[in-house]
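**Q** I have a structure here, written as structure tokens, and I will follow up with some questions on it.
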Amino acid sequence: MGKQTLHLPLFETKEAKGKTIYKLFASTIFVGILLIWLYRLINMPSKGESGRLAWICMFLAEICFGFYWIITQSVRWNVIYTYPYKNRLSLRYEENLPDVDIFVCTADPIMEPPTMVINTILSVMPYNYPTQKLSIYLSDDGGSQYTFYALLEASQFSKYWIPFCKRFNVEPRSPAAYFQHDASNLNDKVFAQEWFNIKKLYEDMKSRIEASIENGSIPNEIKAQHKGFSEWNTKVTKQDHHSIVQILIDGRDHNMVDMDGNRLPTLVYMSREKKPNLPHNFKAGSMNSLIRVSSQISNAPIILNLDCDMYSNDPDAIRESLCFFMDENQGHKVAYVQYPQRYNNATKNDIYGNIARVTHEIELAGLGGYGAALYCGTGCLHRRESLCGRKFSEDQTFEWNNKLQEKSTYKTVEELEEASKVVANCSYEEGTQWGKQMGLLYGFPVEDIITGLTIQCRGWKSIYYKPSKPAFLGVAPTILDVALVQHKRWSEGMLQIFISKYCPFIYGHGKIKLGAQMGYCIYLLWAPLSVPTLTYVLVTSLSLLHGIPLFPEVNQLT
Ligand SMILES: O=c1ccn([C@@H]2O[C@H](COP(=O)(O)OP(=O)(O)O[C@H]3O[C@H](CO)[C@@H](O)[C@H](O)[C@H]3O)[C@@H](O)[C@H]2O)c(=O)[nH]1
Ligand SMILES: [Mn+2]
């Protein structure tokens, strides 16, 4: 192996097949569009003739459709798929794998039940990765003691869950998802025994958490188990509370081990300070607090972010992503690796279009082809440096070894918690570049898309990676009003980017490729496309009622 493996890349890119045929097909459509425009112009009723207004409206709508179609071609001509080689990574870097911080965000204990949140946490704790290199942070914008309690329970349960997952190599590693189905190999006596034990432990834990929520209080004997509960002695509400940071598992501690005697990952609960009169900037605010708090504790160079309703479905996901960051030739340019949003509750007919096949298999891969994969929030791994506002430069060297962590080994848990609380305070961001040049951008409902764009405009590349086995699985809206609210927020938020100073054609000019600028606009112009669509629908039906001909008749063509 030796030399030869050293020269093999850690990941490869391949063009989608059938590019030439697609280009031929697309050019026929383009000719078709031109002919439609021409037909409209030539046959336009002249001034005073009936139906002129309808024809003008049709023409304008068709112009919009045509241009939008042209924009969509940018990504379709450049579809590129990426393939990481995790075995090569292990061969070359097993001893030098970087630390990884995992951020999970939750905002409301009712909409996002604590048991769901800890299932996400428990799915990332048993990653096939050196546990002492993992630190997991839960940001609770709900400031709920039930979420804190659930996380405390999870920290205990993980001592059984992690060894169980690793010993029997079970998947998926979210207990709820795993126990949803009966185990297949219960004939194996040892396994069956363990399976029943763990399942019982999980269900007991779940009932304790749910019972406490139902009763509206946490039993005193449980409260006595951890100093953290004292944070809720004063009045704590979702909108108004002080910073809370509790390190539930200190991964540096060699005595913190699971039932098999193996080290545990660091586990931290945090709830940043909130004041009713100050903007909290939603998920972006939470992420920026997470970036700062984690910099005090573990400061890993790689950050994985997950929404609390999205669990890890592949224990090798971190290793696969690292192939992109650590590749000797191209890795240094990579700011983030985005996975598609896939769901474990997709319905057969997918009536709200959550699966979005064309988006996930073609368009996003096309943007990835320009090195400009969109940052879509959950299921994304970032290089901490690029997220913190640093510009890319070809000649900067990158250290995967973590100096700060070595330093922080001298600090006690209490010292780390105190230092972290300071950076999670509202006042910390005043007069700083946080939310502007550093971290996630504030002021946009889709903080992820805009943040991704600014990172790319600072010279970094991003990767879109859609493995055949989903790496993360989330919960898609299954009721109409939730789906509508989500789509409204996304489409409005994206239009807001287009009309701001961050419009990709202006802000991205000369910084990202024209194809990438166009690719962004497929989404940013999604909302206004409804105007020509509505026009088209209305004008055609009204014209039909009024007997105004808009299209050539079949016998005209012959
Ligand atoms: O004040 C807030 C509001 C939300 N969140 C968390 O942010 C995540 C996303 O919020 P959600 O309301 O679930 O929005 P979705 O539309 O489902 O999320 C998608 O769209 C968002 C905006 O583009 C991205 O940030 C998400 O990652 C992406 O999954 C969730 O984990 C929330 O708990 C917070 O931490 N604090
Ligand atoms: Mn969500």
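Sequential numbering from 1, following the chain as shown.
Here the Cβ of each residue, glycine as well, is placed from N, Cα and C on the backbone.
Just so you know, TrEMBL annotations never went through curation; they're auto-generated.
TrEMBL lists D141, D448 with the feature active site. Feature annotation from TrEMBL assigns UDP-alpha-D-glucose binding site to E112, D141. Summarising the annotation, TrEMBL assigns Mn(2+) binding site to K283, D307. Under the heading transmembrane segment, TrEMBL lists 21-41, 53-71, 520-545.
Each of the listed features needs to be described in terms of its position in the shown structure.
**A** Counting Cβ atoms from all protein chains shown, D141 (active site) has 23 others lying within 10 Å of its own Cβ. Under the three-state DSSP scheme, D141 (active site) falls in the coil class.
Under the DSSP three-state reduction, D448 (active site) is assigned to helix. Sequence-distant contacts of D448 (active site), defined as residues of its own chain at least six apart whose C-beta falls under 8 angstroms from its C-beta, comprise L374, Y375, C376, G377, C380, L440.
Sequence-distant neighbours of K283 (Mn(2+) binding site): residues of the same chain at least 6 apart with a C-beta under 8 Å from its C-beta are C105, A107, G377, L440, E447. The secondary structure of K283 (Mn(2+) binding site), as reduced to three states from DSSP, is helical.
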**Q** At the level of the C-alpha atoms, what whole-angstrom distance separates D141 (active site) and E112 (UDP-alpha-D-glucose binding site)?
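**A** With distance taken Cα to Cα, E112 (UDP-alpha-D-glucose binding site) is 11 Å from D141 (active site).
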**Q** Six or more residues beyond either end and a Cβ under 8 Å away: which residues meet both conditions relative to the transmembrane segment (520-545)?
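**A** Distal contacts: 51, 54, 57-58, 60-62, 64-65, 68, 71-72, 74-75, 363, 367, 372, 374, 449, 453, 491-492, 494-495, 497-498, 503-505, 508.
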**Q** Measuring Cα to Cα, how far is D307 (Mn(2+) binding site) from E112 (UDP-alpha-D-glucose binding site) in Å?
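**A** Distance between the two Cα atoms comes out at 10 Å.
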**Q** Report, as numbers and ranges, which residues of the same chain sit near the transmembrane segment (21-41): CB under 8 Å and 6 or more residues beyond its ends.
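**A** Distal contacts: 55, 58-59, 62-63, 65-66, 69-70, 73, 76-77, 552.
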**Q** Which recorded positions among E112, D141, K283, D448 have CB under 6 Å of ligand 2?
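**A** Among E112, D141, K283, D448, near ligand 2: none.
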**Q** Would you mind listing, in sequence order, the residues at least six apart from E112 (UDP-alpha-D-glucose binding site) in the same chain with a Cβ closer than 8 Å to its Cβ?
**A** T106, G142, C308, D309
